[in-house]
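**Student:** To start, I am sharing the structure in question, which I have written as structure tokens.
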Amino acid sequence: MKPLLKASHVVEMFGGLKAVSDFNVYLEQGELIGLIGPNGAGKTTAFNLFTGVYQPTSGEIEFDGQSIVGLAPYQITQRGIARTFQNIRLFSELSVLDNVKIAFHDHVKYGLLEAVLRVGRYTEEERQIERDSLELLKIFHLKDKAYETAKNLPYGAQRRLEIARALAAKPKLLLLDEPAAGMNPQETQELMEMIRWIRKEFNLTILLIEHDMSLVMGICERIYVLEYGHIIAHGTPEEIQNNPEVIRAYLGGAS
Amino acid sequence: MNIQRKNDLMYLVLGLVIFGIVYGLMEGGMIGSFWKLNIIIICINIIMSASLNLINGYTGQFSLGHAGFMAVGCYVSVILTTNFHMPLIVGMLAGGAAAALLGCLIGLPTLRLNGDYLAIATLGLGEIIRIVIMNINYVGGAAGFTGIPHLTTFPWVFFTMLVTLFFIKNFVNSTHGRACIAIRENEIAAGAMGINTTKYKVMAFTIGAAFAGIAGALFAHCFYIINPSSFTFMASFNYLIMVVLGGLGSLTGSVAGAFVVTALSAALASWPEFRMIIYALALILLMFYRPQGLFGYVELTAFKPFRFLDRTKGGRE
């Protein structure tokens, strides 16, 4: 079977700086993969390349057997990749419910005229969107906060809302950029359970960036380690923990 | 019948009641011709501010050229009604379509800009439209277009206004409108949620321009003459003031803003020397005490005494 996502020899230059070089990653259908590395290693750059925010200087990225190089972010989302952001990017002045509703956009079938005249598929589809949105919020323990303004949520809840919103786009591949940042150990533990559960329930493939090693080592099946834009190691959590290159990258030492 | 339909019906009945009262007073001679004209102007200004709000308030694209689209609708419609003796409705539709076409054509390149740059570009656009009209002899050039039939009546403007408000209300409560609001809130996140941001910016701009064109057609047929000097940058600015004063992203705010600004300047018409001073003072005070505008992102129905008007959000508390 072909991998769901495959990046081969991807290079991204910012002026003279090689943010990512000779980047090779593959994700099989249904896997849960971690991407780790010290600050500034190029992890978020890799996410931005996968989602069309940046275009690779050279190299190829294939999703579901087709190249996604050159597509705009919204086109990539429509193909089935959804993401969350490291620095939370919610629609902060809107209600929690509206944040999720917006993400259903691509799956709405009614047209402009039906919406304005409130005829045809409008009423039924809007009701369905509301029901599905509340269902998603329930999974992420946000249902009782559905009508609150998103910016007033506590930090951990905002991170969960970002995941709920990404799921509303009905992706095949979910990219999570530091989902546990700012969470306490208990919240992180809950998040881990949640990520495991949604993967099974929504039949997802997940790639996540995370600094919290308990989370990464706890749930990821394979891990890629980035340093200065290069992948220095790749393997199961046990292999990564004992890899001398990785230990050197994180703790320093003679190389 | 579902709650949404019931709500729409209630608004419609409310609109008809207001229409009945005002129209009755007009026909009964209780409202003089000066206020009669001003009530018509208020309705036209409500169309203008509501449509500008769709661009500036809901989609968050700062446009300063709204009077330009009004001018296009105005001139296209008067050519049809005066020179070709078409009925008003044809003039309105053609004026709206012409303004929409121009809005779409101009929106495509300019909406790639954002913030201040878009404001400057649309400002220039409004001026270009005005100056082009000024130099076309067929429509009278700078002297203005004369001999326009006086076709605009209160029922015409009131029901066009009602259609506009319903259109924009339903638009912003659909997935298309939510896409526009998402662009205002966070353009990068909107793109990441699968929203084609350019498409929806142009869509909002086009719809806004279309209603400005329709308002222009109604405006032209209030008087016997129209002149390009009615569509200067000051006019665009005046509509922006209505939107900001009422509250960006609030439809009831736009109605209130247009009403307050137009009624205030009409009431002060007898004291022309103080008019601008009071007007400016009112604006400064409002921005000082309520920078988000009278309503600021929320509708009238969000306030307690008016909550009964909107039952769709009944489960809010």
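From the backbone N, Cα and C atoms, a Cβ is placed for every residue, glycine too.
When I checked TrEMBL for this same protein, it listed these features:
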TRANSMEM  B:9-26  transmembrane segment
TRANSMEM  B:32-55  transmembrane segment
TRANSMEM  B:62-82  transmembrane segment
TRANSMEM  B:88-108  transmembrane segment
TRANSMEM  B:117-136  transmembrane segment
TRANSMEM  B:148-168  transmembrane segment
TRANSMEM  B:202-226  transmembrane segment
TRANSMEM  B:238-264  transmembrane segment
TRANSMEM  B:276-298  transmembrane segment
**Student:** Check the transmembrane segment (B:32-55) against the transmembrane segment (B:276-298) for contact, please; criterion is three or more CB pairs under 8 Å, pairs 6 or more apart in sequence.
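**Tutor:** In this chain the transmembrane segment (B:32-55) does not contact the transmembrane segment (B:276-298) - fewer than 3 Cβ pairs sit under 8 Å.
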**Student:** Given a Cβ distance threshold of under 8 angstroms, which distant residues of the chain, six or more beyond its ends, lie next to the transmembrane segment (B:117-136)?
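**Tutor:** Same-chain contacts beyond the ends: 61-69, 71-72, 75, 102, 106, 110-111, 142, 228, 231-233, 236.
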**Student:** Hey, which of B:9-26, B:88-108, B:148-168, B:202-226, B:276-298 has the most Cβ-Cβ pairs under 8 Å against the transmembrane segment (B:62-82)?
**Tutor:** B:202-226
**Student:** Ranking B:88-108, B:148-168, B:202-226, B:276-298 by Cβ pairs under 8 Å to the transmembrane segment (B:9-26), which is first?
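**Tutor:** So the stretch in question is B:148-168.
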**Student:** Sort out the residues at least 6 away from either end of the transmembrane segment (B:88-108), same chain, that have Cβ-Cβ distances under 8 Å to it, and list them.
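**Tutor:** Distant contacts of the transmembrane segment (B:88-108): 69-70, 72-78, 80-81, 125, 129, 151-152, 156, 160, 198, 201-202, 205-214, 216-218, 221.
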